[in-house]
Amino acid sequence: TGKEHWYSLAKQDLNFALNNKIVNSVAKNIIFFLGDGMGITVNTAGRIFKGQKKGVSGEEECLVWENFPNSAFSKTYNVDKQVPDSAATATAYFSGVKANYYTVGVTAAVKMGDCKASLVKENRVETVLKWAQDAGKETGIVTTTRITHATPAALYAHSSQREWECNTDLVNETKFNVTGCKDIARQLVEDEPGKTVNVILAGGRRQMGSSLPGDTGSCLRSDNLNLVENWLAEKRNNGHSAVYVTNNKEMEEINVDTSDYIMGLFAGSHLPYSYERNKGPNGTPSLKDLTKLAIRRLQRSSKGYFLMVEGGRIDHGLHDTRTHTSLEELLDLDEAVEEAIRTTNAEETLIIVTADHSHVMTMNGYPDRGNDILGQTSYEFVTDGLPYTTLMFTNGIGANYTWDGEKARKLS
């Protein structure tokens, strides 16, 4: 392509920047999107993957947030770790206070597992969720993980161990003294600011004591508490309308104009990966659908709202070195952000998209333009002369395998 093509693209970018309207007023609404584990390499691969799914080479494609008028980098670390985890990072970006590894909603005065320190009021932090509620705004949490998982938990809970999601985790704890500590699920339903959240859409029925037949996953409650029933009873006893749903059909039947509180728990543990999702009436909604519902409900608020939306399973796919799975999850988040832009007013709604940490996925060598981002490439200076995948992991389940030209071979 000639030079005029590139000059034209440069002019388009300059005109976009120069003509971008600066909004100086205070945002009435805030939607905070979190791509868990969605670092720079994942963004690059996701951009190419998005384009290649459209049938083009992919490199010229853009994720929705890459067209935002403002962008920045952030440093991610825990007080006690160079590489952070999702609980302490969520504490940092929701409260402005950095914390220790595996702790949630507490300051760095609390080490992992120090239950006693986490109960001290001065060691607990308030988050943007609480600040929004104090300002009279309505609030919502949407995630593809369990509602008690690290990122959503940081909005409402205070715990020295992110894995204390239900009472059974505390009962089975042998390493730390847990006297006086409350599991994260109970904190959501029984304590402020969790109990005041208007929209909760996630997974984690087992943690909430509301399992359905076939539910699997971590931490089945052993205290016979059904926290969903308790949540419904508390809302209705205080004169509010509340609805609880578990699948696509029930969600579609919600009347957002008459429902003060909405809780949807769509899996025993995390929501299924997007490519595994059952799209039928008894199936699981997409992140886009969940985001759409939350916005429709929260837009009723005269004073505005705060909504957190997490693409949490991007991270899980990367932990399992499942590149294709993770990139599909990233594109689900891309669609959810696009939906939010389409259905909100930029004059009064601030939309933020960020990640909490990165992963060890690397993009290798010099693959040709348009090469399948999930495929193999080769390079003349590779000493063994064998092809290799463009995307690789330096640790994790798939890190100890190599390609011998015919099949995967595990390294010794």
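In case you wondered, yes, glycine gets a Cβ from its N, Cα and C as well.
Non-local contacts of D36 (Zn(2+) binding site) by the CB criterion (under 8 A, 6+ apart in sequence, same chain) comprise S86, T145, T151, E310, G311, G312, R313, I314, D315, A355, D356. Taken from TrEMBL, the feature Zn(2+) binding site covers D36, D315, H319, D356, H357.
Annotated Mg(2+) binding site per TrEMBL: D36, H149, T151, E310, in sequence order.
According to TrEMBL, the feature active site, phosphoserine intermediate maps to S86.
Around H357 (Zn(2+) binding site), the C-beta neighbours below 8 angstroms that are at least 6 residues distant in the chain are G37, G39, T76, V83, P84, D85, S86, T89. Its own atom aside, the Cβ of S86 (active site, phosphoserine intermediate) has 24 Cβ atoms within 10 angstroms in the protein chains shown. Taking Cβ-Cβ distances under 8 Å and a sequence gap of 6 or more within the same chain, the neighbours of H149 (Mg(2+) binding site) are S86, T143, R162, E165, G204, H270, G312. Within 8 Å of the Cβ centroid of the Mg(2+) site, not counting the listed residues D36, H149, T151, E310, the chain contributes L34, S86, A90, T143, T144, T145, A150, P152, G311, G312, D315, D356.
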